[in-house]
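In what follows, a structure is listed as structure tokens, so that the remarks can point back to it.
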Amino acid sequence: MTLNLDEAKITAEVLTTALPYIQRFVDKIIVVKYGGNAMTDPALESSFARDIVLLKTVGMHPVVVHGGGPQVDNLLKELGRHSDRIDGMRVTDKDTMDIVEMVLGGNVNKSIVSLINKHGGCAIGLTGKDANLILAKKLMMEKIGVDGVAVPVDLGFVGDVVSVNKDVINMLIASDFIPVIAPLGVDEEGNTYNINADLVAGKVAEFLQAEKLMLLTNIKGVLGRDGEVVTGLTPKTVDSLIEDGTISGGMIPKIQCALDAVRSGVKSAVIVDGRVPHATLLEIFTNEGVGTLISRDLG
């Protein structure tokens, strides 16, 4: 085979450009929340798995937390069941919880593990129930009624994170595994809860004191007052954009997870456009990234 010198030079240039970033993040924990289009497009699924394997290969410690709402919706539809949502949260009765656990802890989790392993990784799948990984409690929610008075809303088996058993994850990391975590938790009575994957990822990053939290989404990032993507934000700036309504709707809980993680010691959090092939690598190995970075060190 004849060496194409021009192509070889380009490859060498790419590798040397990545070197400072590899050195910066070597032996650091990177928590990645995997969801959205990146989980439903085969090409994006493959690029994500290869990205995770590459991070591990060059000495970083990726930890994957995944969603799977569309997959749950599909099975509920096939079974002729309906699931209401309140402010984006799925109302989860006992039967629905069984289906959620089957989809997230079974099919979705094992598919991700299999794909990472196919590309040379050594992934291991977990739910929050394994080794009491995620201690949960029932999520208490209120809505403002027509009379302006807050009324409680019962979402069923929808949970909030109390704590994360970081020792289990650190043990897997030390043994060179890539943990892949389904967003299910268990309370002290043994009840299983469905938990928002962004929330789980943020709490996992917090308890591990990760170097970076990455939330893969179906949008380019946080949009500023001019409608353009804001590439960098401090916690103070985020608070201001929420107060004036620039950040609103479904972006608020997502960015709140990132904000809470940063305020709890995670070095930085980034909302990444998961529709971009190899978004994870582009975020780690380039200055520009592919989303909105939130860090106390900006400015």
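Glycine residues also receive a Cβ, built from the backbone N, Cα and C atoms like all the rest.
For the substrate site that Swiss-Prot gives as Gly68, Gly69, Asn194, the extra residue drawn from Arg24, Arg90, Arg225 is Arg90.
Distance noted between the C-alpha atoms of Gly69 (substrate binding site) and Lys33 (site 'Transition state stabilizer') is 13 Å.
Once the Cα atoms of Gly68, Gly69, Arg90, Asn194, the listed binders of substrate, are compared pairwise, the greatest separation found is 12 Å.
When the neighbouring Cβ atoms lying within 10 Å are counted for each of the recorded positions (Lys33, Arg90, Lys254), the highest count belongs to Lys33.
Secondary structure from DSSP puts Lys33 (site 'Transition state stabilizer') in a beta strand. The most crowded of the binding-site residues listed here (Gly68, Gly69) is Gly68, judged by how many other CB atoms sit within 10 Å of its own CB.
For the pair Arg90 (substrate binding site) and Lys254 (site 'Transition state stabilizer'), the C-alpha distance works out to 16 angstrom.
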